[in-house]
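Here is the structure we will look at, set down as structure tokens.
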Amino acid sequence: MHSFSRRLILSSTLAALAGLSLCGGAYAAEMKSVAVTAIVEHPALDAARKGVEDELKAAGFEPGKSLKYQFQSAQGNAATAGQIARKFIGDKPDVIVAIATPSAQALVAATRSIPVVFTAVTDPVAAKLVKDWKPSGSNVTGVSDMLPLGPQVDLIKKVKPDARRVGMVYSPGEVNSVIVVKQLKAELAKRGMSLVEAAAPRTVDIPSAAKSLIGKADVVYTSTDNNVVSAYESLLRVAESAKLPLIAADTDSVKRGAVAAYGMNYYEMGRQTGKIVVRILKGEKPGAIAPETGKSLSLMVNTGAAEKQGVKLSPALVKEAKEVVK
Amino acid sequence: MSMISLLGALEIGLIFALVALGVLISFRILNFPDLTADGSFPLGGAVAAIMIVGGHDPWLATFCGMLAGAGAGFVTAWLHVRLGILQLLASILVMIGLYSVNLRIMGAPNVALIGEATVFSQIVGDNFDAQAWLQPLLLVGIVLLVKLVLDGYFVSQSGLAMRATGANARMARSQGIPTDRMVLAGMALSNALVALAGALYVQTQGGADISMGIGTIVVGLAAVIIGETILPARAIYLVTLAAALGALLYRLFIALALNADFIGLQAQDLNLITAVLVGFALVLPKIKRKLMPKKRSANVEPTSQNKKEAAK
């Protein structure tokens, strides 16, 4: 019943695929090459990638001209991230840049020889990309987007000096958020304050999670949780009606209506990552470069949002801000 | 496309061959529309990862992950068979519930396995150059073993009873087949295979991530249907082979899409290119029939599978 010709199609498809595998791939020996992969595309991660590209350009490695450059996005699919990792390893570029944890893990699990520079990974030690924050001696280094939480709490106190209970809406499925929750609890406890958690596993859960904080929290802190950031407006509505000031971890959310943020600039973090990439392209060993945390933090406040959310920002705080939204 | 890229596609394709075999059992053999896979795949991975981190033997961890998946499939079937909840709804409930369960098991959204002992590290050791082809080789063995065991089971008395349950439950009952028990067992078996895939997957990818289950069922279904299209067959050993080949082809398509930059396509086009390639694979037999109409009448005659499709 199973015709011979069908098998022929099958085998010829496979043969065609094998044939394609022969073309492409190999890089010219003299030109340096960089491959970049991200688990998903969204504004912060894209900004980080742009930073890397611009830093490479600034150092004389023009993508497409003096540098072989390629970018692949896994479009949110973990298995595809694994396949991209294998493709890159097979292409043997001089440096692979991995944006966010799952992409970095898939790479580090599969190569010990090609330099891997991670970026926008919150806790590279917990993700086992590196053993600690010292030079790894392996093929891995990079830049973490972990925020120093002390200054975050200081900001909360500056916005609302009598705040005791800090509410936080976050997705329990995001490793970066869960780490922040754990560390923020400890940081708040040191100052006699407490954390009130509101879990929102999906974006549609955000309004109800936010409402659960009314009466239980004096102020709401949001981390760089992908779910929360992508649906910030639904949080805003609740915050305004309940007069709960929102304090964010990223400056983009301030433009969208949070009162203030002392946040990471992902573009600058990308440039910082790019500097490491350039050092490796120029011959340094990745194992000799210690992993860093993003250095570029900036304060942004939104006076209009403050009014709507029932707080008055002190003139000192407004003066301190690098940018003021009205 | 480099050799390592091709082997990587093969490796993930082999892992998803197990998913395809699981989906084949639920959708084709039991005729049970089941979305549990999106939860049981990461469940298998979560259990295996947390046990490996806890210092247990990776093979034992993989087996326990598989058992957990069997449990998930059993619950889905139980909700349907005993409580009368609609099949699709029962599986959605279990899938959603498993998200929280998986978070509980892992204790965090991401459990890293880099540097831990895995079923692969035992044969690969420190040789990372050999990893690229040794891992797929071990997986070929595992997939082949699973396929042969399934082939054997589905021609046994119990296996035939399960197939009869899916084909015509009322008829099966009248023949004295305990159809409810067959559905419970079949769904457990189906999700055990999906979870086994998840357990093996985390060991090749450096860790378990809570988001890794998204789209598992879509890939599994696509693999089964591509397999049926490329290799239409009735004999069970060819049906299982087709499902496994379908999974391999799907991953090869993604590898091709990743290498499609030479025709001006970019990273953000990946899913679209994959969809077009898979779509092409699905209509390939039809194109061929049009080109070579009456050469072989066997092709034009509807197979049992096509008849089923037509009846819908």
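Just so it is clear, glycine is given a Cβ too, placed from its N, Cα and C backbone atoms.
These come from TrEMBL:
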TRANSMEM  B:6-28  transmembrane segment
TRANSMEM  B:59-79  transmembrane segment
TRANSMEM  B:86-105  transmembrane segment
TRANSMEM  B:137-161  transmembrane segment
TRANSMEM  B:182-204  transmembrane segment
TRANSMEM  B:210-231  transmembrane segment
TRANSMEM  B:238-258  transmembrane segment
TRANSMEM  B:270-287  transmembrane segment
Segment-segment contact (the transmembrane segment (B:182-204); the transmembrane segment (B:238-258)) at 3 or more Cβ pairs under 8 Å: no
Cβ contacts under 8 Å made by the transmembrane segment (B:270-287) with residues that lie 6+ beyond its boundaries: 222, 225-226, 229-230, 232, 249-250, 253-254, 256-258, 260, 299
Range from B:86-105, B:137-161, B:210-231 with most C-beta pairs under 8 A to the transmembrane segment (B:59-79): B:86-105
Remote residues contacting the transmembrane segment (B:210-231) - C-beta distance under 8 A, at least 6 residues beyond either end: 16-17, 19-20, 22-24, 27-28, 34-35, 37-42, 45, 99, 102-103, 106, 109-110, 194, 198, 201-202, 238-239, 241-247, 249-250, 278, 281-282, 284-285, 305
